[in-house]
Amino acid sequence: MSVRPLVVLPDSRLFLCSEEVQKTDPREELDALVTDMFDTMYANHGIGLAAVQIGVHKRVFVIDLSDRNPEGRARYNEELGDGDVHDGYVSECAGLVIINPIIIEESQDNVAMEEGCLSVPEERESVTRPERIVLEYTDQNGAKKVLRAKGLLARCLQHEIDHLNGTVFLKHISKFKRDLVMEKMKKAAPRRAHNG
């Protein structure tokens, strides 16, 4: 389909909550949106992308932590491992489409890791999140699913769900650091618009 422009800070659309995808929403529109989201994510070397990051306020995001996405994976220092599921939790995925997600369980164990975001260019900060989560969601075919995730996959899922709730990862860092990054983004906005 096509690569869409990214919505980046300080754009206020990133702070709006997204609407649930309804069964009555046209299937063709959803399929086209998902295709564009993958195209946009890959073109920008990301590992996850929420619909709001391309200006669509629907509760949809895509993630790819597979070998098909080496440029996205290379941006992260954590070793993904072999994705084994001996403990019932997976740590990687290929071409995952998540619709209307709900976290139904999260571990008490938290892990700090550096995060970045396509909507906050060139910024990375340490964010603490639960190490494991259990997620209920709908897949692209309308089937209800449950996903037990750990490691980088759990982190990505939580990061993208934050986007659906109008939260950027900067909310999880100190106000001082957040204000510095926001000021930097505001100063860069005219330059990005000019280079468009």
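Backbone N, Cα and C define each Cβ position, glycine as well.
The shown structure was predicted, so the numbers you read here are calculated from the model rather than taken from an experiment.
Classification of GLU160 (active site) by DSSP places it within a helix. Among the features that TrEMBL reports, active site is placed at GLU160.
With a 10 A radius on its CB, CYS117 (Fe cation binding site) counts 25 other CB atoms from all the protein chains. Look at CYS117 (Fe cation binding site): DSSP puts it in a strand. The Fe cation binding site annotation in TrEMBL covers CYS117, HIS159, HIS163.
Reported as a whole number, the C-alpha separation between GLU160 (active site) and CYS117 (Fe cation binding site) equals 10 Å.
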